[in-house]
Structure formats: C-alpha cells, structure tokens
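Taken from TrEMBL as is:
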DOMAIN    84-251  domain 'Reelin'
DOMAIN    289-404  domain 'DOMON'
DOMAIN    409-608  domain 'Cytochrome b561'
TRANSMEM  449-469  transmembrane segment
TRANSMEM  490-509  transmembrane segment
TRANSMEM  521-540  transmembrane segment
TRANSMEM  552-575  transmembrane segment
TRANSMEM  595-613  transmembrane segment
TRANSMEM  645-664  transmembrane segment
Amino acid sequence: MLDKLEQAVVCIGYGSGGDMSLLHAQPRQHFNLKDFDTKDKSSAASLCERGENATWRIQLRLCHTSSVFLKMESPGVALMLWVLACLSGPSTGFPNGKVTEACKTMMPLHGHSLPQRFPRHTVEVNVTEFKPGDRVKVSLSGPLFEGFFLQARSAENLEGPAIGSFALADRKRSQVLTCGRVKNSAVSHTSKSKKSHLDAYWIAPRDAPKRIQFLVTVVEKFRVFWVKIPGPTISQSNTPTLATPVVTEVTVGTSLPVSHLTQPFSALDCGSNKFCVRNPSDCDPGARNCFFLSFKRDHVDLIVVEMSGPSDGYIAFALSNDQWMGGGDDAYLCISDSHHVDIKTASLTGRAYPEFDSEPALDEMSWRLADGLIQCSFRRRIHFPALQGRFNLDANYYIFMADGEVSEGGMIHKHYRQPLITDGKFNVTGPAKDIGGSRSPLLIKIHGALMFVAWMTTVSIGVIVARFFKPVWPNSLLFGEEIWFQVHRALMVMTVLLTGASFILPFLYRGGWSDQAGFHPYLGCTVMALAIFQPIMAGFRPPPQAPRREIFNWLHWSTGTTARILAVVVIFLGMDLPALNLPDPWDTYTMMGFVAWHVGTDVLLEIHGYCLIHKVQVLEDDRIQILQSITTAEAQGHTFKKTVLFIYISGNVAFLITFLTAIIKV
C-alpha cells in the first residue's frame with residue numbers, strides 16, 4: 001500500500017477532573033475527513049460522544065500513515081503510535097469566558113496541562129460577616145492573568161454547588177454565568193486581555209449556609225493556571241468565626257483542619273499575654289518575610305498555638321532538649337497540599353524522615369493560605385501521657401522553626417536552609433516573652449566572621465602594602481625594620497592566627513568532618529595548609545642578593561596568590577551553605593563588589609607606577625619582576641599612593657562591616 005496523507009477527526013476522552021495524559025487518552029472514534037464536509041465543524045462535533053463524566057473534544061490533525069503502520073500485527077501498539085503521532089496539539093480553551101462546562105470542577109479544559117500547585121493570586125472581601133441580601137465586595141488581584149472563574153460555595157461543602165449570585169463592577173472585562181439552577185452564580189472573563197485586578201459583588205441569598213468561602217480559578221496563560229484557589233471565609237451574623245480558634249469545651253478530640261482563619265495573626269499580645277517567637281525580630285506576622293510562632297494558655301491544661309510563615313510547601317516547629325534536631329524531638333507541621341493545609345504531629349529521630357502520628361491529638365485545627373503565607377492554628381493539651389509521644393509543654397525546650405518544599409505526593413523534603421533555633425531553653429507556658437532566634441549556630445557565625453576579617457581585610461591590606469609601598473617610608477624604621485615590612489608581617493601573622501582559630505570551629509560544632517558542605521571544607525583545608533606554609537617558607541628567606549632569592553620570590557608570590565584566590569572561592573561557597581546562608585543573591589553581588597574593589601585598586605596602583613616611570617624615562621628592561629623593589633622614580637607619587645591606600649582601607653572596612661552585620665542578623 002502506498003504511503004498517503006490522511007486528515008482525520010479524533011474524539012478524545014478527558015477525565016471529569018480535566019486531567020488528560022497522552023498515555024491514558026482513549027480514542028473513541030476515528031473518521032476520515034472525507035466522510036463529511038470539512039467546513040461543517042458542527043457535523044464533525046456531532047460524531048463525538050459526550051458523556052456525563054467526561055468531556056469529548058475534537059482535534060483535527062494531519063496524520064501520516066504508511067503500509068508499515070497499517071500492517072502492524074499488534075493493533076494496541078499501532079493505536080498508541082497513532083495517538084502519539086496525531087495528538088501533539090492541545091485542545092481549544094475559552095478566551096471568551098463562557099466556561100459553564102467547568103461549573104463543578106472549576107478546571108479549565110486545557111488538554112493535558114496540569115494546574116500549578118502554589119497560588120500567586122489572592123481573593124479579598126470587604127467584610128467578615130453577612131446577612132441575607134447583603135452585597136459583599138470580592139476582589140481578585142495578583143500578577144497579570146488572562147482568565148478567571150469565581151464562585152462562592154459553602155465552607156462546609158466546597159465540592160457542592162455555587163451559592164448566591166454576583167453583580168458586576170466591570171462589565172467590559174467580566175461577565176456573570178449561570179451554574180446549575182442558580183442564575184449569575186459565577187463570574188468569568190470576557191476576553192484573554194491581560195489584567196491584574198478585578199472586582200465583583202456577591203449577593204447573599206436567603207437560604208445561604210452559615211459560612212461561605214470564595215473559590216477562584218486563575219489562568220495566567222494556556223498552560224499555567226491555578227484551580228480553586230481558596231479565598232476568605234465569611235460568616236452569617238451571630239455565627240462564631242475563628243480568627244484564632246475559640247475554645248468551647250475542655251475536652252480535646254481530633255478533627256480535620258478547617259479553613260476558618262480569615263486574617264493574619266496578631267503580634268500585639270506578644271510578651272504580655274502570648275509567648276512568641278519571631279524571625280526577623282519584631283516582624284509583623286502578616287509580612288511576607290516573617291516567621292511567627294505563638295503560644296497562649298487557654299485553660300488549665302490547654303494551650304492555643306499559632307504558626308505562620310512564607311512557604312510554598314510546609315512550615316514546622318519542634319521542641320527539643322538540645323540544639324540538635326532529631327533526638328526524638330516533638331514536631332508540628334503545617335503542610336500545604338493542593339490548596340489545603342494538613343496539620344500533623346511527628347517525632348524526629350536522627351536525620352530520618354519524620355515519624356508522623358496516625359492521629360495528631362490536636363483540636364480546633366484551622367488554616368489559611370494567602371499572600372504567600374501558610375497560617376495554621378490548633379489547640380493541644382499541656383500534658384500528654386508518655387505513650388502518645390508528645391512532650392509536656394510545662395518544661396524548658398529549645399524551639400526550632402523550619403520550612404521546606406513538598407512533592408506532588410505530599411512528601412515533605414528536608415528544609416533547604418538552617419532551621420531557626422532559639423538562643424536558649426524556654427517554657428512556653430511560663431511568663432509571656434517575645435523572643436527571636438538564629439538560623440546560624442554561634443560557632444559558625446564566629447567562623448565566618450573570622451574568615452572575613454582574615455581574607456577580606458588583613459591579607460588584602462598586607463599584600464597591597466608589600467607590593468606598592470616599599471619606597472614610601474624609605475628612611476623610617478619600626479622596631480629595627482622598615483615600616484612596610486613590619487606592617488606586612490604583622491598583618492600576615494594575624495591572617496594565619498585568625499584562619500587557624502576559625503578553622504577549628506566547624507569541627508567543634510559538627511563533632512568531626514561534615515559531608516554536607518560540598519567542596520567548601522576541602523578547599524578550606526587547602527587554604528589553611530597554604531596559610532601555614534607561607535610563614536614557614538618566609539623563615540628560610542635568602543638574603544636579597546642571594547641567587548636563590550628570585551626563586552623564593554616566585555614561590556612566595558605564587559603560594560600567597562593561590563591561597564588568596566582559593567580563599568575567595570571558599571567564601572563564595574560558604575556564604576550559601578545552610579549553616580550560615582547569608583541573604584541571596586545579595587551576598588554574591590556584594591562579594592563580587594569587594595573583588596572588583598580590590599582588583600581595581602591593584603590595577604590603579606600598577607598604572608600609576610608605570611606612568612610615573614615613563615614620565616621620568618627611567619624604564620629598565622629588568623624593572624618588572626615579582627616583588628622587586630620599586631624604583632626611586634615611583635617615590636614621587638607618595639602622596640597619591642597614601643591617598644589611594646586610605647580610600648582602599650576605608651572601602652575594605654566598609655565591605656567588612658557590611659558582611660559582619662549580615663552575619664549577626666542571620
């Protein structure tokens with residue numbers, strides 16, 4: 001059979017959730033295009049079935065069939081290859097916003113595209129309570145998007161039908177749709193024009209449930225969309241709302257987390273009625289950079305816990321008897337999963353995966369996802385039987401706070417940065433306090449600070465002085481030696497001492513070698529070895545006129561230069577390690593600025609020396625040698641050199657103070 005081009009119509013099934021995978025697509029019917037008028041799309045559509053639980057879309061493709069394909073012995077393989085060849089294009093979306101087909105699932109019919117997991121858009125309302133007949137302003141905002149689909153549903157049945165009706169605030173960019181039997185019960189876009197903000201008014205019906213939650217689907221572009229982004233929950237008047245969980249009973253049971261939180265937590269009572277941990281210190285829990293944890297005694301044996309922080313995956317805190325996470329510590333996790341938050345308890349043993357409890361033994365669990373923050377709150381007993389594995393809260397513990405990512409299956413990943421750890425042990429049921437913590441252990445902070453002082457300041461100034469300032473103080477001696485030499489030697493000895501002291505601190509902190517730090521420790525050991533070798537080699541320095549002096553000069557220069565280059569590399573690597581983790585990318589750019597500052601000063605002084613020599617025409621063939629004394633002609637520029645040295649030291653110290661301040665704040 002000759003090869004030929006054939007145009008075909010294929011009906012493809014999509015699951016009720018709107019998900020489609022090429023490997024699971026089932027071609028239900030296949031018709032040659034010659035069977036009907038190619039211009040009659042409706043006749044093509046009529047050939048495709050439309051079931052209750054599936055949406056059947058039409059796709060026109062040019063398919064290449066051959067005699068080999070048609071003669072395959074396995075019809076299943078042939079069918080799969082035909083599907084893969086013909087179904088490479090997506091199905092059509094709804095740029096006009098007529099998306100009533102998605103009233104129940106709120107899922108865009110975008111072929112095999114999957115929704116994004118972490119929303120970037122937010123829904124806000126102007127009230128927290130309503131009564132039948134009220135008009136509630138609903139606002140959608142966020143990064144530019146093309147389409148949206150907004151509904152109100154019962155907070156106790158988010159899979160149920162749309163509740164109430166909407167009135168438009170912008171008829172040009174939005175329209176009302178009828179879902180089910182409720183007229184104007186949803187709002188969508190009118191075109192795919194870009195927008196970042198839209199308002200609508202929800203009208204409460206007479207038979208509205210006690211609590212209403214707004215849900216929105218947002219389409220940023222065809223393959224990038226979010227489904228059922230949870231908005232705020234509002235309640236009918238005289239119905240209790242839970243900005244923080246309200247205790248109605250003394251007995252504690254277990255319940256599923258419910259999205260009853262309507263606003264960020266407050267830090268007003270921190271230090272007076274609540275025990276709070278905040279990072280950064282004194283931050284606002286509603287801010288996008290604030291990690292917040294509070295404990296408030298609510299009864300003789302009950303405590304209310306509030307936790308929030310910026311994360312796309314999970315936030316967690318743990319109570320520990322030491323500053324090492326994993327010794328059977330008592331952990332509490334708020335895990336974001338498909339626009340829902342699971343609140344779980346776990347025990348931490350070593351570096352193993354947390355041992356989650358089958359039942360969290362918590363009550364009044366509530367959560368909220370908004371503005372890039374995960375918020376959750378719950379109640380728990382202060383005292384638990386030992387068999388339940390939870391710590392009693394009326395004892396002193398170190399408090400850890402961490403955040404990390406969550407995989408598609410709900411599995412949490414190790415926190416990508418060092419957890420926040422309180423500076424001491426605290427009793428969260430004792431006197432109210434408002435404390436902070438640090439994400440970097442004190443020994444690691446000292447390690448980083450000493451290395452910055454040594455390899456950013458002392459060694460850099462020492463090298464500049466030795467290279468360019470030998471003739472500046474020709475007749476001045478300090479303790480019997482030339483000034484430049486005494487300054488150079490003092491700064492280099494200080495560099496070695498600072499490096500040695502800093503070198504042992506990570507080993508004291510880790511209790512040995514760390515396999516978690518990549519190349520940083522290996523290169524650090526190399527720098528330490530070179531730093532020790534330099535003064536030993538200097539002790540065997542030949543006299544100035546000795547034949548081996550030139551060899552010494554080359555070795556001394558090359559060893560020192562290699563150590564300085566490696567030290568800069570080690571600093572770049574160390575700044576982003578979890579144990580220190582200076583703000584990124586600020587730390588990288590600032591360190592690049594320092595390198596440019598040092599190299600620029602070095603080049604400026606070199607150019608100055610060459611220009612001065614050329615000016616007095618005393619350039620000699622043997623002038624340029626490593627560490628060779630600078631000619632007397634260059635001494636005419638002493639004032640210029642001293643000015644440059646003062647400016648360089650000032651800038652160097654400014655960079656140093658900037659990094660030391662960042663280390664203190666970590």
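Positions of Cβ are set from backbone N, Cα and C atoms, glycine also.
Predicted automatically and left uncurated, TrEMBL annotations should be read as such.
Here the domain 'DOMON' (289-404) returns a mean pLDDT of 88 for the predicted model.
Looking at 449-469, 490-509, 521-540, 645-664, the range that has the most CB pairs within less than 8 A of the transmembrane segment (552-575) turns out to be 521-540.
Tertiary neighbourhood of the transmembrane segment (490-509): same-chain residues 441, 443-444, 446-448, 450-451, 453-455, 458-459, 461-462, 465, 521, 524, 527-528, 531-532, 534-535, 579, selected by CB-CB distance under 8 Å and a gap of 6+ residues from either end.
Summarised by DSSP class, the composition of the domain 'DOMON' (289-404) is 3 helix, 71 strand, 42 coil. Only residues 6 or more beyond the boundaries of the transmembrane segment (645-664), in the same chain, are considered here, and those with a CB under 8 A from a CB of the stretch are 440, 445, 448-449, 452-453, 456-457, 460-461, 464-465, 469, 580, 582-583, 586-587, 590, 593-594, 597-598, 601.
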